Amino acid sequence: MLPCTQKLADLSWKPKGVILSGSPYSVYDADAPHVDTAVFELEVPVLGVCYGLQEIAWNHGEDVSAGNRKEYGHAILNVARHTKAPSHIDVLFSGLADELEVWMSHGDKLRALPKDFVTIATTSNAPFAGIAHIQKKLYGIQFHPEVTHTSCGKALIENFAVKLCACKQNWTMERFVDTEIDRIRKVVGSTGRVIGAVSGGVDSTVAAKLMHKAIGDRFHAILVDNGVMRLNECEIVHKTLTERLGINLTVVDASKEFLTKLKGVEDPEKKRKIIGNTFIEVFQREAERVMRESGGTVDFLLQGTLYPDVIESISFKGPSATIKTHHNVGGLLENMKLKLIEPLRELFKDEVRVLGTNLGIPEDLVWRHPFPGPGIAIRILGEVTPAQVAIARQADHIYIEEIKAAGLYRKISQAYAALLPVRAVGVMGDKRVHDQVIALRAVETTDYMTADWFDFDGKFLRKVAGRIVNEVDGVCRVVYDITQKPPGTIEFQ
Ligand code: XMP
């Protein structure tokens, strides 16, 4: 993955093929990024997706794309076969049906074919939804093969990578484990030590297990109890990581320290900052203790960075300034003279889950819904007090327990209960009460950038609401959040 402005002459290797991705720009924008035209002279297959297609067209004749009607969403693609044309033209769609469901998301589209190109696919709104050069292996597609809604997307990319570029499919998780363990051992050496924070989430657990497999007890994991984890979470994580996975783990109970600092704070950004900064302070203290007690130096800090974080930092405008996790860790690295080690940085979430399963991590941990660093502090709207934490924890626990019992946990991408900062009137045991309100959230998403609410049946919601108002003191009402992202976000704060 390189920024599109990469000069090919600066590369020390020759690619077997090039995919030009989509972009929010129009090729006509004054500040639009443009690819090094040497890409088209490399004599390797090139596939342009959406903006990539427009970039190919733009580089093969003026004025071929135009800011026309926007098109977002589902479309039916008709494949045009060219049995008499050179054999490479039909390869992109080989083995696929003549009519395909695809996902479109574009402003500009091609108005005419560039010279020496033919049409290989159309939709009712895009007459040049797929194009190919008649001599060179240059292809452009207007739709997005990389999204789940384009069901033929993986097969199309496989046709490109395997049949056109002659790449071998040798990236397997079994191979990954062996090569990564070898790499970790080489980097860390035979006496080096590594520390890392674990949260009970899949990424940090998989990273920790991999590290433990590579260097055993020279890896020290630290779990900071910030007082805003889920019900019984620290005990469960401690038990699983030490007893089942054999990881050398210290749990630090810093809940009082966090909750004292959160006293009186209602602003969500302030909560995030307080939790982030306190975490760094506690972690550093603990890491220094590990250093002293181990008698040697700790050289590396383990981070469960995934490939999407890496992608976010590869921009033609330079690394994004808004990446949350990295700037905090930067301080730690400098203060403690640590080097960063990131064994998962080439993996996507689904690959991390396969890796976790292969490493023997229990299924309920591998398939855990994501949980934000600031924990339930950003799910308690208003001040975070021990009493509010207790209410939010119990309600969340009941909700997730019912989701699991109904066999829905894996169908939902993320679910939790939030505690709203309002009181509502209710009637309980013939008495008027003026108590708090729980909001249930459940979303389906693949990338967490956009999300839709999960469509529970009424019976399920009735059961959860009944249990929460009956079992959680201080709550007399339950509501279900039916806001999509955008405009809502997945978390309430
Ligand atoms: P939003 O609320 O932005 O959430 O739609 C998208 C995903 O990010 C998670 N999230 C966070 N994770 N620290 C984290 O580690 C944070 O401050 C944070 N805020 C949101 C959220 O749970 C969801 O999966």
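Cβ from N, Cα, C; glycine included.
Just so you know, TrEMBL annotations never went through curation; they're auto-generated.
The ATP binding site annotation in TrEMBL covers S199, G200, G201, V202, D203, S204, T205. Residues or ranges marked as domain 'GMPS ATP-PPase' by TrEMBL: 171-368.
Apart from the site residues S199, G200, G201, V202, D203, S204, T205, the chain places the Cβ of V198, V206, G304, L365, R368 no farther than 8 Å from the centroid of the site's Cβ atoms, the recorded ATP location. In sequence order, K349, V352, R353, G356, I361, L365, V366, W367, R368 are the residues of the chain that are 6 or more apart from V202 (ATP binding site) and have a CB within less than 8 Å of its CB. For D203 (ATP binding site), applying a Cβ distance below 8 Å and a minimum sequence separation of six or more within one chain yields G304, L306, L344, K349, V352. A simple way to gauge crowding: the CB of G200 (ATP binding site) has 19 other CB atoms within 10 angstroms, across all the protein chains here. Sequence-distant neighbours of S204 (ATP binding site): residues of the same chain at least 6 apart with a C-beta under 8 Å from its C-beta are G196, A197, V198, G304.
Counting neighbouring Cβ atoms within 10 Å of each of the binding-site residues (S199, T205), the lowest count belongs to S199. DSSP assigns D203 (ATP binding site) to a helix. Mean model confidence for the domain 'GMPS ATP-PPase' (171-368) is a pLDDT of 90.
Other Cβ atoms within 10 Å of the Cβ of G201 (ATP binding site), summed over all protein chains shown, number 17.
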